[in-house]
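**Q** Let me give you the structure first, and then I'll get to my questions.
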């Protein structure tokens, strides 16, 4: 078994074979794989696709979109989330991220982790990270809150 490192820590236990995953998870990963093909990343050449499933089963996908003014770039995860939110969907139940990284899996950046945590409604949601192949073979199975322990939460005044 290949060793997998997430943020420097070994994490073989959370890696699964794509074919062993539930078909709904496979569908989510494949939607992220397709979204990745639309990435606009002329500066980094690092294409990322993401897909979010909402509680009604709808999948919203997105890709990263770069800009010469780097601060205005948007990650794939936030693109998918903003599409869902703008359609009135705020109850996310799963997320998939697909990107090519030779050593390990690409998981959401800190900004995206915090952004997604805003919409998990006090519960955790699974997050699946895979590499873009014709058929993803291995998938990192984790969750938003596993990736963002002790994230910022505004609870005062509510």
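Using N, Cα and C of the backbone, Cβ positions are placed for all residues, glycine too.
So TrEMBL lists these for the protein:
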type	residues	note
DOMAIN	23-140	domain 'CMP/dCMP-type deaminase'
BINDING	64, 65, 66, 67, 68, 69, 70	substrate binding site
BINDING	75, 109, 112	Zn(2+) binding site
ACT_SITE	77	active site, proton donor
**Q** Beyond the listed site residues 75, 109, 112, identify every same-chain residue whose Cβ lies within 8 Å of the center of their Cβ atoms for the Zn(2+) site.
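**A** Other same-chain residues with Cβ inside the cutoff are 76, 77, 78, 108, 110, 111, 113, 115.
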**Q** In the structure shown, which of the recorded positions 67, 75, 77 has the fewest Cβ neighbours within 10 Å?
**A** 67
**Q** Using the Cβ centroid of 64, 65, 66, 67, 68, 69, 70 as the reference point for the substrate site, which residues of the same chain not in that list have Cβ within 8 Å?
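**A** So the extra residues in range turn out to be 40, 43, 72, 73, 74.
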**Q** Name the residues of the same chain, 6+ apart in sequence, whose Cβ is under 8 Å from the Cβ of residue 68 (substrate binding site)?
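**A** Once residues fewer than 6 apart are set aside, residue 68 (substrate binding site) is near 43.
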**Q** Looking only at 65, 69, 109, 112, the binding-site residues on record, which one has the least crowded Cβ, with the fewest other Cβ atoms within 10 Å?
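**A** Looking at the binding-site residues 65, 69, 109, 112, the Cβ with the fewest others within 10 Å is that of 69.
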**Q** Looking only at C-alpha atoms, tell me how far residue 64 (substrate binding site) is from residue 112 (Zn(2+) binding site), rounded to the nearest Å.
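**A** Distance (Cα to Cα, whole Å): 12 Å.
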**Q** Have a look around residue 66 (substrate binding site) and count the other CB atoms within 10 A of its CB, chains all included.
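**A** There are 19 of them.
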**Q** How many Å separate the Cα atoms of residue 77 (active site, proton donor) and residue 112 (Zn(2+) binding site)?
**A** 6
**Q** Work out how many Å separate residue 112 (Zn(2+) binding site) and residue 69 (substrate binding site) at their Cα atoms, rounded off.
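**A** Taking the Cα atoms only, residue 112 (Zn(2+) binding site) lies 19 Å from residue 69 (substrate binding site).
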